[in-house]
Amino acid sequence: MPGLTLGDVVPDLELDTTHGKIRLHDFVGDAYAIIFSHPADFTPVCTTELSEMAGYAGEFDKRGVKLLGFSCDDVESHKDWIKDIEAYKPGRRVGFPIVADPDREAIRQLNMIDADEKDTAGGELPNRALHIVGPDKKVKLSFLFPACTGRNMAEVLRATDALLTAARHRVATPVNWKPGERVVIPPGVSDEEAKARFPAGFETAQLPSNKCYLRFTQVD
């Protein structure tokens, strides 16, 4: 499944991890899960990223969101590297599993291959891919970064909150949205349905087109 993208079901892979063997669908279960790759252990950007993800792990746990890392290094390498990650920012613990994928099969199927990066033996390396997977095992959101650019974990958390809010309330979130701010009502929802679904009411933006498509409301 090299073209894995939004709406696709992730393959039910059997994976070797720092927490033992898992099946991907069993790991996701009835929750949301963030599966994310890094190019290699014992590298600078990856160390800062994994440290930051460890720092945010408690926030994801509060939301019932699971974390699963991926790279092509073996389990023992991951375990040794985790000591460096935890020493880099003392107090942060890497409590989530990291997949060992030395044959590159998992990262190929999950669309995590970086075409421009190779290891010293010429082997494929992962890019900085991140998929948010829903309880239905479908990809809900993806980020894709090159090896030279670290991800913003605050944005990953914000995007996760937006997805959870949209799923819970059947709304959409506008630009730069943060939890607690107003959301928008999707165009397919009539005003009559909106009144029933949002008893606190909604506000329609007055625009030159006189089209009433930009409607804001507040949800918990």
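Heads up, the Cβ atoms here are built off N, Cα and C, so glycines get one too.
Swiss-Prot lists motif 'Bipartite nuclear localization signal' for one of the ranges 51-74, 123-146, 195-218, namely 195-218. Listed in sequence order, H38, P39, A40, S71 are the same-chain residues six or more apart from C46 (active site, cysteine sulfenic acid (-SOH) intermediate) with CB atoms under 8 A from its CB. For the motif 'Bipartite nuclear localization signal' (195-218), the number of residues in each DSSP class (helix H, G, I; strand E, B; coil) is 3 helix, 5 strand, 16 coil. Taken together, the residues in the domain 'Thioredoxin' (4-165) have a mean pLDDT of 95 on the 0 to 100 scale.
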